[in-house]
């Protein structure tokens, strides 16, 4: 009996090693492109963005989920770094603070050129990986960080932003967040306001991916129905597996499928198991469910490392991605499906967003109605509190000019 137990144990170990080896072989040519990592936030909170401090050395930093050796061990070849500031910056210094976080990402690329290469388009991601670099891209987490300005949106694009999360844990004046669905916030726009729809259109024109993590279900549906390009959820999981309002319900997954969009699964325990503890296997359950409902082309990885506190057993840091891929292979995911999950689905969506951008040329020039803005910390040059009055004055001036011209002729 003992011999039989030993034999089956040995067989299980060999099978496990086989799946792990297969995972690593796949990842050597198709690396992880992760949708969301909050290391820049850690650089702020731990080191006040002083990257040259000896204790901030990313080759040795131990207290974060992410460092250079862990990225290498995890076969991470592309990373969307989150440029994030909390909601209490809204209507205050949000734009200044997000510029500082974007600067951190650029300085990471400058300080570690042998590891990080800042890129801004889909074709450069795999080229950077083939040069042995981690392609580094910028996602801005929270629509409050554009301060309801299309000009700021365009400027952040020129600084490298390639996705914008429409809300964080607060409404913007033009989009509702997920706390509305929980009953902890009031619906102000019932999804997207008219100005919010202009923001979406301008993102399509620029080639900025629309990120629907953190938004309300109504905002999800508005964006999926209105966007001319596929959208992403950069760090969200499946509501049917864990009914947390930050996750994506099945009816929205159907829209994800019909629009060729993408859900990049979050590893935070509360979104994985709806409790303080979770396992790698439960993360795989989310991936299985999204694949079943929306298709294998709709799944990606957005671990949310360094943005959360509790992570599943087996996925404690960014080095653990090969173990997750091995589990999916054990569950009979095909190599094609795995390569899609790792990188190819994201590259497809990113390329489609760029294609739409190439055919949209005219920028939006409307501004948000001034009454939608908190005016305590802002000026209003160029705005009008009563546009109808200005139109009447304009018409009057035109009439007077016509009258003066007529009198001159007399």
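Every residue gets a Cβ built from N, Cα and C, even glycine.
Per Swiss-Prot, Zn(2+) 2 is bound by 141, 235; the candidate from 106, 158, 214 named for the same site is 214. Rounded to the nearest whole angstrom, the C-alpha distance between residue 121 (N-linked glycosylation site) and residue 246 (substrate binding site) is 28.
In the three-state DSSP scheme, residue 38 (Zn(2+) 1 binding site) is classed as coil. Nearest in space to residue 242 (disulfide bond), taking C-alpha to C-alpha distance over the binding-site residues 36, 168, 235, 304, is 235. Each residue contributes its Cα atom, and for residue 170 (disulfide bond) and residue 214 (Zn(2+) 2 binding site) those atoms are 9 Å apart. Cα-Cα distance from residue 168 (substrate binding site) to residue 87 (disulfide bond): 7 Å (rounded to the nearest whole number).
Within the same chain, the residues at least 6 positions away from residue 214 (Zn(2+) 2 binding site) whose Cβ sits under 8 Å from its Cβ are 141, 142, 165, 166, 167, 168, 169, 177, 178, 246, listed in sequence order. Separation of the C-alpha atoms of residue 38 (Zn(2+) 1 binding site) and residue 87 (disulfide bond): 16 Å, rounded to the nearest whole number.
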